[in-house]
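*Asks:* The following block contains the structure, expressed as structure tokens.
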Amino acid sequence: MFEAIDLARFQFAFVVSFHIIFPAFTIGLASYLAVLEGLWLWKKEDRYLNIFNYWLKIFAIAFGMGVVSGIVMSYQFGTNWSVFSDKTGPVLGPLMGYEVLSAFFLEAGFLGIMLFGMNKVGKQLHFFATLMVAFGTFFSAFWILSVNSWMHTPAGFSINEVGQFVPEDWIQIIFNPSFPYRLVHMLMAAYLTTAFVVGAVGAWHLLKNNKNLCARTMLSMAMWMAAIVAPLQLVAGDMHGLNTLEYQPAKIAAMEGHYETKKGAPLILFGIPDDDAMEINSIVEIPKLGSMILKHDFDAEIKGLRDFPADEIPPAEIIFWSFRIMVGIGMAMIALGLWSLFLRFKNLFYSTRLFHQICLLMGPAGFIAVIAGWVTTEVGRQPFTVYGVLRTVDSVSPIDAPAVATSLLVFIVIYFLVFGAGTYYIFKQFSINPEQDKDATKKVGSLGVSLKLFDKA
Amino acid sequence: MSIELIWAIILSFAIFAYVVLDGFDLGIGINYPFIGSKWERDIAMNTVAPVWDGNETWLILGGGGLFAAFPLAYSVVLPALYVPLTAMLIGLILRGVAFEFRWKDKSKTQIWDKAFIIGSIGATFFQGVALGAFIQGIPMEGRAFNGDWWHWLSPFSIFTGIALVFGYGLLGSTWLIYKTENKTKRHMQMLGKRFFILTLIMILIVSLWTPYLHPEYFEKWFSYPRILYVLPVPLLVAISTVCCFRALIKNNDLQPFVWSIILFLLSFIGLMISIYPNIVPPSLDIWQAAAPKKSLQFLLVGVLIFMPIILVYTSFTYWVFRGKTKPDESYH
Ligand code: HDD
Ligand code: HEM
Ligand code: HEM
């Protein structure tokens, strides 16, 4: 039988993985919408407004799902991780409080105007509302990643007589050692995720008709993002890894599949890690490159999992793979970005069908990479919730297993039904041709008429 | 005044703001079964579509604020109310996505309307259940909840659940009286009266029942001289009842809504009186549960800076969408 703690862990992993799908998309999309509206106001070209309205509807659906799945998250801490909440509340609570005050209210307050207010407040104020929503998503990411990073690299606290973490230095807490890396990496991840979705939709409509101006604009904008940000993501990821090596070396060892301590450790490309035997089999490796990447020295020593206390190591069997999925996708993104530059240079960008087909295929890549990345980070933190200080087994609520089992089941059913339906509606929007409604701008102009654009299809 | 008390007041404010704001949102879902035609349902939904997300954010502030300022209370109450809170969250999910989904597929509007109704009523009912279970008291041992997972279930908590459904129903129908016109408005006035009478009966019963739950509650309300301090509450309830009823009959736009809010406020104050100085009845008080001073101070700065700004732009949004909601006002 499962114990309450396993169920609680599974439930947390399930609901948060569902949640992150939406922020990963809405953070990027909010900024994209702001850019589109800005371009429209600046260049006064209809196509930007067309594209803006196209993605605004998708944004509304995704954002709604992000909100409701997020509310579940903020109550999960208390319901399922009550001991954790009691202990970390004094440190993490205020950070999340700032998130609510500076981010959630901002998003929610201006969302209504962004979605419904174009005819009521005028273009300039509407643009302002769009910007505020975009800022809101950024602040939200800022605070929640600070919270999460603190759990990986806790700093600036002491522990009081009842076992609570007590804040000593807020600057150290907020800007804890892994936070800057995680913030940059996650924001770029969100931008990439969105770019690949936008690119895929553009590519799909180009495959149907490669004269489609809106689709061309979408693909082009998306591929500029990919070409620029994907390589930067590699750099940021690498720096993030070095930071992790400093603070959570066991995680890195597990990600790399290093069980044995070695001087001049290889870079293991593939292999089959076995946590019970503490060894990795059938490996494909590049000698000494591991030491080079991690320590910038071909002969440096890399500590293997066997040399960490047995009760302080994460399961390599999971994160070895999740890490490779993420990095593999990252490499694929870089490759696609380079290809897009080459095609632009050759003037074949809008006519190479194979390129469009691959862009379509890469549409969901960002989501997979984001989840794989989070799995790497979070499973790699085990067996702790606050790294090195508070163990996961000591964090859980005193709730009977049947209660958690029931809630888990209900969450699974409801999430698949509800978010499945949402995804279906998003796809339905995707299938609409972004160029179809020629007089979109006229409608917006005339007062009292709503932004009825594409639903008629 | 101690900073712990300030925080208790801030949280009470957040919770009350939530109750009123999401109360009328959820109340629309409670009124939905009685609104027959599709176009009227469209209007009802559109009266809150631009603001519901902001309204719900107060719930996050309530939860997040409790986590930050009274982590011990947060970690005792939430596991104790595991089942009703989880059910409430599920309800909020159904209700929240319905706002978007019901427009997306004309043939499925019916289904998402049902989701909206079930979600709204479910979320409200379980919120009320959670409230009732909370008032009844939560047993603790050490720093944790000590009871089993159906501890929340009692006649009283079921009763408060039903009471809240009627109460939010009242807020919803009076809000719609304010935001609609003609036939729809008359229809809502009829519903408003019914919900008003039901709510009143519920307030009465809960007020009489609560003092018998714990001797301390009884002491607060019926011992001399304390009774003199608390007497204004029932008196004011009586006055606002009369005013609310008159406004409902007199075809007023805004007044029924305002008086309903005042009724809620008075009930809320009554509840606070019963519980104070505890934050988790029957025995955990505000000071025992509070986070260290440094945490309270740090977030208080944030509240002082951000809360006025939030109130300004939230009011601005309401102002932009002021007046009667017209049938064609949506982006869909
Ligand atoms: C990197 C970004 C990120 C991460 C790691 C998380 N979130 Fe999130 N969250 C957002 C970024 C975000 C967002 C972009 O701000 C959302 C997504 C869609 C939305 O509506 O706002 C959001 C929505 C959202 C909401 C609803 C807010 C509203 O009503 O506007 C809550 C309560 C939470 N989240 C809470 C959490 C918790 C407790 C998390 C940790 C376990 C968490 N989020 C992880
Ligand atoms: C949003 C992206 C995130 C994803 C996809 C994610 C995923 C996961 C996963 C898969 C686990 C399970 C690890 C295991 O038990 O083996 C976990 C654990 C945990 N995460 Fe995250 N996480 C995310 C963000 C966060 C954030 C932002 C926080 C804090 C605010 C957080 C707090 C926790 C806690 C407390 C646990 C421990 C409980 C457990 O072991 O299940 N997570 N997370
Ligand atoms: C291109 C090569 C990449 C490298 C070298 C890389 C590196 C890393 C590393 C080392 C971590 C673990 C951080 C930790 O130890 O806690 C991580 C986490 C993560 N990665 Fe990547 N990454 C890459 C690409 C990507 C891409 C393309 C995405 C998504 C589009 C992505 C999304 C994430 C996310 C969401 C996390 C978890 C949050 C965090 O800890 O920042 N990564 N990445």
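Cβ coordinates come from backbone N, Cα and C, glycine included.
Okay, these came from TrEMBL:
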- A:20-42: transmembrane segment (TRANSMEM)
- A:54-75: transmembrane segment (TRANSMEM)
- A:95-118: transmembrane segment (TRANSMEM)
- A:125-145: transmembrane segment (TRANSMEM)
- A:183-207: transmembrane segment (TRANSMEM)
- A:219-236: transmembrane segment (TRANSMEM)
- A:318-342: transmembrane segment (TRANSMEM)
- A:354-375: transmembrane segment (TRANSMEM)
- A:403-427: transmembrane segment (TRANSMEM)
*Asks:* With contact taken as 3 or more Cβ pairs under 8 angstroms (pairs 6 or more apart in sequence), are the transmembrane segment (A:125-145) and the transmembrane segment (A:20-42) in contact?
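*Replies:* Yes; at least 3 Cβ pairs under 8 Å.
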*Asks:* When you check the transmembrane segment (A:354-375) against the transmembrane segment (A:183-207), do you get at least 3 Cβ pairs under 8 Å, counting only pairs 6 or more apart in sequence?
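*Replies:* Yes, the transmembrane segment (A:354-375) and the transmembrane segment (A:183-207) are in contact.
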*Asks:* Excluding the flanking five residues on each side, which residues at least 6 beyond the ends of the transmembrane segment (A:219-236) place their CB within less than 8 Å of a CB in that stretch?
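*Replies:* Same-chain contacts beyond the flanks: 32, 35, 181, 184-185, 188-189, 191-192, 195-196, 198-199, 202-203, 206, 330-331, 333-334, 336-338, 340-341, 349-350, 356, 359.
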*Asks:* Excluding the flanking five residues on each side, which residues at least 6 beyond the ends of the transmembrane segment (A:183-207) place their CB within less than 8 Å of a CB in that stretch?
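*Replies:* Hits for the transmembrane segment (A:183-207): 23-25, 27-29, 31-32, 55, 138, 141-142, 145-146, 149, 214-223, 225-226, 229-230, 232-233, 236-237, 240, 333, 350, 353, 355-357, 359-367, 369-370, 373, 430, 433-435.
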*Asks:* Test of understanding: applying the rule of at least three C-beta pairs under 8 Å (pairs 6 or more apart in sequence), is the transmembrane segment (A:54-75) touching the transmembrane segment (A:403-427)?
*Replies:* yes
